[in-house]
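Before any comments, here is the structure.
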Amino acid sequence: MKFEVTILGSSSATPVFNRNPSAQLLNCNEKYYLIDCGEGTQQQLTKYNLKATRIDYIFISHLHGDHYFGLIGLLSSLHLNGRTKSMQIFGPKPLLEILEIQFKYSDTVLRYPIEFFPIEANESFKIFENSELTVKTIMLNHRIPTTGFLFEQKPRQRKLIKEKADEIPMAYYTALKKGIDVELPDGKIIKSEDYTTPADPPKSYAYCSDTMYDERYFSTIKDCDTLYHEATFLHELLDRANETHHTTALQAGEIANVVGAKKLLIGHFSSRYKTLQMLLEETQSVFENTELAIEGRTFQL
Ligand SMILES: [Zn+2]
Ligand SMILES: [Zn+2]
């Protein structure tokens, strides 16, 4: 089952050096989940051949423009292109008012419904669940209320061993995949463990942007498989990071260590950095399995 994320934007504040403001597209079993929607997200989706029409869920971390200025454009285009299925949007409560006022003054009545789910930024809780994954909020520490999102796959079924499964009627597959032994009409017992292999362990992806180093959210992202964490500045600008409630590259690596993440992606880079190698090296000095979450890269989670 597919579980991967494509980076659409890696820049903080403004688009510079071919870097776009924050946006990521999570693909879970061919369902699309958009995480933040900075300016230019539509063009990025087109550039990387990702169909915006397939997005059914949008998660907005906070109301700084670099995380949602692309949203009204995306929603409007979907309307113009004839979308009728609903869109679920999760974000800070005032976001709905912001969208409504823009639609009001452009005299736009969307052809499709928006189901809006306001997020309270006071404690971590589950905001979404379907048959494949759950999404929980991560309480971040930024200048305005901000939440990250923890995407966790649900435990999956055992996998049929194809060559062996051909011997038995398909009607028994569901039970076998659930680990249940079955009895055929002729009395033969079919053991699940003989006809299936264990399921892949469920994976998790934690999205943390924007925030300063704050131990209070560490328990929510403990032992996550892949952690995306902002790393706006080099550590020599720690004072600036604290002042603006952001994280340094070194701190991002420390956080990945403390929470026991298996892999770290860093992003949300300050416009003062034309190249990013120094940020990557600083993070890798404390957490080696780090990669730059830059535009166009897709990571298997
Ligand atoms: Zn930001
Ligand atoms: Zn921000």
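For all residues, glycine too, the Cβ spot is worked out from N, Cα and C.
Annotated Zn(2+) 1-binding residues in TrEMBL are His62, His64, His142, and among Asp210, Asp214, Asp223 the one listed with them is Asp210. From the candidate list His235, His268, the residue TrEMBL records in the Zn(2+) 2 site shared with Asp66, His67, Asp210 is His268. In this structure the alpha carbons, written CA, of His268 (Zn(2+) 2 binding site) and Asp210 (Zn(2+) 1 binding site) are 8 Å apart.
Counting neighbouring Cβ atoms within 10 Å of each of the recorded positions (Asp66, Asp210), the lowest count belongs to Asp66. Local packing around the Cβ, expressed as the count of other Cβ atoms within 10 angstroms, is greatest for His268 among the binding-site residues His62, His67, His142, His268. Listed in chain order, the extra residues whose Cβ falls within 8 Å of the Cβ center of the Zn(2+) 2 site residues Asp66, His67, Asp210, His268 are Ser12, Ala13, Pro21, Ser22, Asp36, Gly38, Ser61, His62, His64, Ser209, Glu230. Non-local neighbourhood of His64 (Zn(2+) 1 binding site): His142, Ile144, Asp210, each in the same chain, at least six residues away, with C-beta under 8 Å from its C-beta. DSSP assigns His62 (Zn(2+) 1 binding site) to coil, not to a helix or a strand.
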